[in-house]
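Engineer: My questions all concern the structure below.
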Amino acid sequence: MEGASVSPLCSHFLSSALSKTPCPQKAHPPFSGPFHGSIPIARISTYFPGSPGPRKKNTDNTVNTEISPHRAVSAVRLLRIDQGGAFADLLNEKGRNSAKNEMGYVERTLGFRTRDLDDRDIRLVTEIVGGTVRWRRYLDHLIMSLCKEEGMFRSMEPLLLQVLRIGFYEIIKLEMPPYAVVDENVKLAKRALRPGAGNLVNGILRKLLSLKDTDSLPLPKVVGDDRSQARALAIIHSHPVWMVRRWINLWGVEESVKLMNWNNSNPYFGLRVNTAKGYTRIDLANQLKSLKVPFELSTYLKDFVRLQTGMQPARVEFGTSTKWSSLRALVRSWWPCLATRLPEVAMGSLGLPRLQQPRLARRSWQPCLVGCLRLVVSVVDPQPGDTIIDCCAAPGGKTLFMASRLRGQGMILAIDINKGRLRILKETSRLHNVHDVVTTTNADLRLYAEMHNIQFDKVLLDVPCSGLGVLSKRADLRWNRRFEDFEQLKNLQDELLNAASMLVKPGGVLVYSTCSIDHHENEGRVAAFLLRHPEFAVNSVDGYVPPEFVSEEGYYFSNPVKHCIDGSFATRMARSMETNCLQVKEWLYGMPTNY
């Protein structure tokens, strides 16, 4: 069996805005729209019409104890997302000196130092940033409605806009004490900008409180023609208008509203028990109970529990203290996997203590597998002795889960364009003792398929897609997608399907999957592929996944509204036995690994 690759275009899809798992080294282009300024991030709050000019730097190195550190950090993160194109989830990642670097960035941006974030602050920053990004359209509509002058909102400097967004979100969605919200955000605006900015924040927030108390927020009515209704719903539920119109045309207003409510809810993340090491779901549940972590048992997956954690998954940080030694067993009972790139954050986000962690322990941290991807692996149905290729493998959740089901017999080739993430996949496979059956190759899938005359029992192609099924986990994704992206994505998906089909042996299976709920990326691509490749036929997923996930056509489909898990799609397509196949197993076992 042999390996496969991902292309220059795959490099684009895995590392860019059209990628389902963005690479932190390559950010999205800045947002477009009337409320996004063009001032460089290093000077985003230095100038404003009528201001006294550049702010003085903090030269005495003192810590400002009057400003809430979580609000200061939240404002700067929101600026980085709007102005610098940063990813909301990646800003949560923790690495060496990350906290120190971020507080230094805050000081350089705002002109003063705040105290370091504690565990409560970290949770608040994550909630405020994720929620403010998610509800951006809704918040901006209210802010614009409460501005005295028509052009005030459009000319508002970026930092002032972020402070107002934070205040509105805290009052309306978090229902924090009004006095504290007004007082703290006024202080932030005065100190980071000037006294006049604080006065403006004070007036607008107090006007908001008055309207909220009388239940008279200036929101649009859902009336008129289809376009008018879509625009109103887009504001009320904070989604792009094109997205709302697309969904209404597909499913109607009622189902579209339910979907948007799901997208705006706090997401769930799954933990899968590593049964290979002797753990059961009851063991994991007892561990979580002892740590006072809220969870629930998965309805569809017998080896999963679900955590609700805001916009981040769980990661345990543990030290050498005997008091916390039991966490080692808990961490090692989880297998890594993820549907989109999930940020690594302190367990403090779940209310647990943040602990020091030795370098050795750091190798044992694992992200969590999302339930819908567990079901996609069930569609593949890995069996001992199978030769499998995971065509877009990094970061490796599905690869490692499939490897665990081979029970040491067979081989999986994991292909991806990103060398660094393949290294992580390789290291994690060693941690889980499945490295004997996992081989990695850094390549472009389309070029690889043309250059290698090799075929596999099963081919998994989890393509880059719009990600419309995982909007609850990716707060900023809805604003990074454009209607025009679909044509580019569909072309890429067709090219990857053509390449993947060349790697399926006669009698073998090709599994095509997405984390999208859009018909054109799912059934549409399968139908187009079958027209081009009559040697393939749909093999129903009935019997591989619970019946509630099986469509009339025999596809797997998870509906966020119906199933309360992320939206995803997969289909099995079997290749006819008419052509000769290569014997690949001996070749693959001796294949070198490329990095």
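Just so it is clear, glycine is given a Cβ too, placed from its N, Cα and C backbone atoms.
Residues or ranges marked as domain 'SAM-dependent MTase RsmB/NOP-type' by TrEMBL: 375-576. Annotation source TrEMBL lists S-adenosyl-L-methionine binding site at C392, A393, A394, P395, G396, G397, K398, D416, D444, D462. Sequence annotations record features per position, and here TrEMBL assigns active site, nucleophile to C515.
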Engineer: Around C515 (active site, nucleophile), how many other C-beta atoms are within 10 angstroms of its C-beta?
Structural biologist: 30
Engineer: Enter the number of other CB atoms within 10 angstroms of the CB of K398 (S-adenosyl-L-methionine binding site).
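Structural biologist: A count of 26.
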Engineer: For K398 (S-adenosyl-L-methionine binding site), which of the three DSSP-derived states applies: helix, strand, or coil?
Structural biologist: helix
Engineer: Would you kindly give the Cα-Cα distance separating C515 (active site, nucleophile) and C392 (S-adenosyl-L-methionine binding site), rounded to the nearest Å?
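Structural biologist: Per the Cα atoms, C392 (S-adenosyl-L-methionine binding site) and C515 (active site, nucleophile) stand 13 Å apart.
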Engineer: Write down the Cα-Cα distance for C515 (active site, nucleophile) and G396 (S-adenosyl-L-methionine binding site), rounded and given in Å.
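Structural biologist: G396 (S-adenosyl-L-methionine binding site) and C515 (active site, nucleophile) have their Cα atoms 15 Å apart.
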